[in-house]
Amino acid sequence: MATTTIEIGDREENSPRDVDGTLDDTAHQISHDPWYQVGFVLTTGVNSAYVLGYAGSIMVHLGWIAGTTGLLLAAAISLYANALLARLHEVGGKRHIRYRDLAGYIYGRRMYALTWALQYINLFMINTGFIILAGQALKAIYILYRNDGLLKLPYCIAISGFVCALFAFGIPHLSALRIWLGFSTFFSLIYIFTAFVLSTRDGINAAPRDYSIPGSHISKIFNTIGALASLVFAYNTGMLPEIQIFASPTYEYLDTKYGRGKGDAFSLHNLSFRIVVRGGYLTVNTLVAALLPFLGDFMSLTGALSTFPLTFVLANHMYLKVKKSKLSTLQKTWHWLNVVAFGCLSVAAAVAAVRLIVVDSKTYHVFADL
């Protein structure tokens, strides 16, 4: 595949041309970042604020042995699934920079639309959940110093959404993250080190505790299924070609379709576009986060209906469809087994998530101060 240097706005980019000579149509920078920056994006994307919730959503319901083993197995399975997607990055002599483009090329226009819809829902829910976690962390810090009840969770969520908006305005695309990737990695390492030290100290000094899995027999079954879904969610978003940190594919779509303008990324036109469009998107994110602070239940349902199909079912089936002439009978059987197994797990996880929503809806209310 030939590579050529072109100009988009005021910057030069190395962008691949398709076999027919046309250029990948995107307003964002592609084929320019070094491998280590891509690695930082992937690493910080997985080691995000969601790790704060895995103790409660995974370890409590699976226990130490099953939970730890599950995390290791989920990492291996995720590596395998993403390796399949990486092998499909270039199909039919064309480089596909978006997951939905790849699905559309293989299956047709309807699958393109379905994949994009699932991606969008997944991204929206992930981004909303991220704002909820940030708000909860902010409130926890406030309580450490002043437990007067003045700063409620909805206010903390609003502050978190505003900070996210500032980053969305100031960072036009993933390649512009640069130094912020370093900060993110640094703070992630601080969190991991601090959590390890404090957990070790508490484990040594604390009295013996009961680590048995809580709940009734039926609750344990549904909670275990939900925890398995969380294990898979921990390492995947089903959008490897975009190499996203959460909302970036949505921004890329909006910037390419509606806001592509010439000039500097911080020109009045481009900056005002990001403020209006991305600001509006994050306003909706923040409103939903404050309205439904128990959104984790809905995220479990979203993961079951989108993350599982996109990351595992679709990845294995696309690989079968593209590579079928080169695969042995044993390899084909293996991929079909993955399609069926993860399809069934997706249905089971969806049922468990619906049950969790019904149970928790009796306890929580909108704009709750949890």
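Glycine residues also receive a Cβ, built from the backbone N, Cα and C atoms like all the rest.
Automated prediction, rather than curation, is the source of TrEMBL annotations.
Positions annotated as compositional bias 'Basic and acidic residues' by TrEMBL: 8-23.
The annotation domain 'Amino acid transporter transmembrane' is assigned in TrEMBL to 35-244.
Among the features that TrEMBL reports, region 'Disordered' is placed at 1-23.
If you look up TrEMBL, you'll see 35-55 (among others) marked as transmembrane segment.
Per TrEMBL, transmembrane segment is recorded for 62-81 (among others).
Residues annotated as transmembrane segment in TrEMBL: 117-138 (among others).
Sequence annotations record features per position, and here TrEMBL assigns transmembrane segment to 150-171 (among others).
Annotated transmembrane segment per TrEMBL: 177-199 (among others), in sequence order.
Per TrEMBL, the feature transmembrane segment maps to 275-292 (among others).
Within the same chain, residues 77-78, 81, 84-85, 88, 99, 103, 115, 118-119, 121-122, 125-126, 129, 226, 229-230, 232-233, 236-239, 292, 338-339, 342-343, 345-347, 349-350, 352-354, 356-357 sit at least 6 positions outside the transmembrane segment (298-315) and bring their C-beta atoms closer than 8 Å to a C-beta of that stretch. Taken from TrEMBL, the feature transmembrane segment applies to 298-315 (among others).
Only residues 6 or more beyond the boundaries of the transmembrane segment (336-358), in the same chain, are considered here, and those with a CB under 8 A from a CB of the stretch are 222-223, 225-226, 228-229, 297-298, 300-301, 303-305, 308-309, 312-313, 316-317, 320. Residues or ranges marked as transmembrane segment in TrEMBL: 336-358 (among others).
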Same-chain residues at least 6 beyond the ends of the transmembrane segment (275-292) with CB under 8 Å of its CB atoms are 124, 127-129, 131-132, 135, 153-154, 157-158, 160-162, 164-165, 168-169, 247, 250-251, 254, 258-259, 298, 366-367
Under 8 Å Cβ-Cβ from the transmembrane segment (150-171), and at least six residues away from its ends along the same chain, one finds 127, 130-132, 134-136, 138-139, 142, 177, 180, 247, 251, 271, 274-275, 278-279, 282-283, 285-286, 289-290, 293, 367-370
